[in-house]
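Colleague: Below are the C-alpha cells for one structure; questions will follow.
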Amino acid sequence: MTFGLFDILFSDKIKDAKIIFVVGGPGSGKGTQCEKVVAKYGYTHLSSGDLLRAEVASGSERGKQLQAIMQKGELVPLDTVLDMIKDAMIAKADVSKGYLIDGYPREVKQGEEFEKKIGKPCLLLYVDAKGETMVKRLMKRGETSGRSDDNEETIKKRLDLYYKATEPVIAFYEGRGIVRKVDSELPVDEVFKQVSTAIDALK
Ligand SMILES: Nc1ncnc2c1ncn2[C@H]1C[C@H](O)[C@@H](COP(=O)(O)OP(=O)(O)O)O1
Ligand SMILES: [Mg+2]
C-alpha cells in the first residue's frame, strides 16, 4: 500500500475529529438520532445510504448500477461506499469536530477497510430495536419516504442481511470496549438521552 501526500494531509486533518459508527437494523432509528446529535453537538452526519441514494438521483452510470443492487436489498461493493464516505469526510474536514458514520460498517470487513483507509472509531452507537418494531416503522416510513427499498419484500431481505452480516460488527467492536447500546424501543427523546450520555462520556 502506498500513501500520497494527499492521504497524509487528510489523516492529519481528521486525526483530532471523533469518529462514531452508528449501527442498527433498518428502521431502528439511526437517522432520527443522528439528526439530533447534529443539532446538539454539531457533528457531521454521513449516512452511507443517503450518499448512495444521492448518486442514484444524479442519474450517473454508477448510480444506475447502485439502484439495481439496493432495490434487491443487497450490499453495494465495499470500495464504492468507502470512497464516497471518504470524499464526504474530506469535504468537511476543516469544520468538523466529529463524524457520525451512519449505516456503516454493514459487515466486519467494511470496518476493517475503513480503519485502514481513514481512521479508528472511538465509539460504536448500537441503536437497538426489535425486528417487529423495525418492520412496522419501515412500512410506515415507506408510505412517504419514496424509498424503493421500503417495501415488505425488500425489508425482509434487509433485516435478514442485518442479522447475518451486521450483528457480527457489533460483537467485533464489543471486543474493543467501544460499544454503547441504546434502547430504541423507547420514544425518540428517551433514546436521545441515552445517546447523549454515551457522547458526553467521550474525552
Ligand atoms: N424511537 C422511535 N420511536 C418511534 N419511531 C421512531 C423512533 N426512531 C425512529 N422512528 C421512526 C422514524 C422513521 O419513520 C422510522 C425509521 O427511522 P430512521 O431514523 O429512518 O431509521 P434508520 O435510519 O435506522 O433506518 O422510524
Ligand atoms: Mg437511515
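Every residue, even glycine, has its Cβ placed from backbone N, Cα and C.
Automatic prediction, not curation, is the source of TrEMBL annotations.
Residues or ranges marked as ATP binding site by TrEMBL: Gly27, Ser28, Gly29, Lys30, Gly31, Thr32, Arg141, Leu186. TrEMBL lists Ser48, Arg53, Glu74, Leu75, Val76, Gly103, Tyr104, Pro105, Arg106, Gln110, Arg147, Arg158 with the feature AMP binding site. TrEMBL lists 47-76 with the feature region 'NMPbind'. TrEMBL lists 140-150 with the feature region 'LID'.
Burial and contacts for the listed features, if you can.
Modeller: If you draw a 10 Å sphere around the CB of Gly27 (ATP binding site), it holds 27 other CB atoms from the protein chains shown.
When secondary structure is read from DSSP and collapsed to three states, Val76 (AMP binding site) falls in the coil class. In the shown protein chains, 20 other C-beta atoms lie within 10 A of the C-beta of Val76 (AMP binding site).
When averaged over the region 'NMPbind' (47-76), pLDDT in the model lands at 93.
Mapped onto DSSP helix, strand and coil, the region 'LID' (140-150) counts 6 helix, 0 strand, 5 coil.
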Colleague: When you scan the chain for residues with a C-beta under 8 Å from the region 'NMPbind' (47-76), skipping those not six or more beyond its ends, what do you find?
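Modeller: The answer is 30-31, 34, 84-85, 88, 101-104, 106-107, 147-149, 154-158, 161, 165.
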Colleague: What's the CA-CA gap between Gly29 (ATP binding site) and Ser48 (AMP binding site) in angstrom, rounded?
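Modeller: The Cα atom of Gly29 (ATP binding site) is 15 Å away from the Cα atom of Ser48 (AMP binding site).
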Colleague: Quick test of your reading of the structure: among the binding-site residues Lys30, Gly31, Thr32, Tyr104, Arg106, Leu186, whose CB sits under 6 A from ligand 2?
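Modeller: Correct list: Lys30, Gly31.
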Colleague: Ser28, Thr32, Ser48: which of these binding-site residues has the highest Cβ count within 10 Å of its own Cβ?
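Modeller: Its Cβ has the most other Cβ atoms within 10 Å: Ser28.
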Colleague: Please check each of the binding-site residues Ser48, Glu74, Val76, Arg106, Arg147 and report the ones with a CB atom less than 6 Å from an atom of ligand 1, ordered along the sequence.
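Modeller: Going through Ser48, Glu74, Val76, Arg106, Arg147 in sequence order, none turns out to be close to ligand 1.
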Colleague: Based on DSSP, name the secondary structure state of Tyr104 (AMP binding site): helix, strand or coil.
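Modeller: SS state of Tyr104 (AMP binding site) = coil.
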